[in-house]
């Protein structure tokens, strides 16, 4: 019976993947479709879908690099440097303060704060060993980030349209206010091509701040020995852009990169969504969820205010 049930789940999973690939639904809805599949049917292939989503997202980001000129990437990274630093400092100070007021475990509070400040689950995975976080801390913080990512995918594009944000403004706002790179890409892609380019570049530049903050985390919890490294796919993204910018042979093919990348990201978002099961919902802690939600709202408001101001 279990094998039969798995076969049915596999058939439905393949059908939904075809729906995502076909483009019948937008990229943001892909995550929600994956979540619906996992919550209703469960996901007997969770390890496989988790592995595939991580690989596919990184490959899609690298492919997107072929469609971007290196000059655009550098200009976007430089333009967003000051506001990135300000919002990271704001997130860390406010996040830890809110966590303390809400009586959230100190290590769990730091993971939620770090995930909000930098790049969601990737930052949490980097910070966890540096502060010797328990598995429950990691699971709870990632679940909260996951839930807020899904909400951001729905809310951000609609708010952007309501507020009349330009492509550039929305791309920057998505990169600063949404946790994970996957959800940043999903929200920005539904807003426009220019928004997608700016959001991806700004978010990847922001992700590099994981490195100094891992050492800050270890120092804060009196763990002196730790290590980290630059996420390799960011270097490959820059390398792809360099090739597209300086190798004439690749120029005719560069225009296909955004379409291929968006298809890959849509599939990746769907697969990420299949990781949000009923068991995930049971891990949520209300005080920690309150901390994460308040901090996310504050980050959304402050980052948009800074974008308009600067």
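Just so it is clear, glycine is given a Cβ too, placed from its N, Cα and C backbone atoms.
Annotations in TrEMBL come from automatic prediction, not curation.
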Taking 233-250, 251-268, 269-286 as the choices, which stretch does TrEMBL tie to transmembrane segment?
233-250
So which of 12-39, 51-68, 80-102, 138-156, 233-250 is most in touch with the transmembrane segment (288-307), counting Cβ pairs under 8 Å?
80-102
Contact between the transmembrane segment (12-39) and the transmembrane segment (204-221) is defined here as three or more C-beta pairs under 8 Å separated by at least 6 residues; is that satisfied?
no
Using a cut-off of under 8 Å between C-beta atoms, tell me which stretch among 51-68, 80-102, 108-131, 138-156, 233-250 contacts the transmembrane segment (12-39) the most.
138-156
Of the listed stretches (51-68, 80-102, 108-131, 138-156), which one yields the highest count of Cβ-Cβ distances below 8 Å with the transmembrane segment (233-250)?
51-68
Candidates 51-68, 108-131, 138-156; stretch with most C-beta pairs under 8 Å toward the transmembrane segment (80-102):
108-131
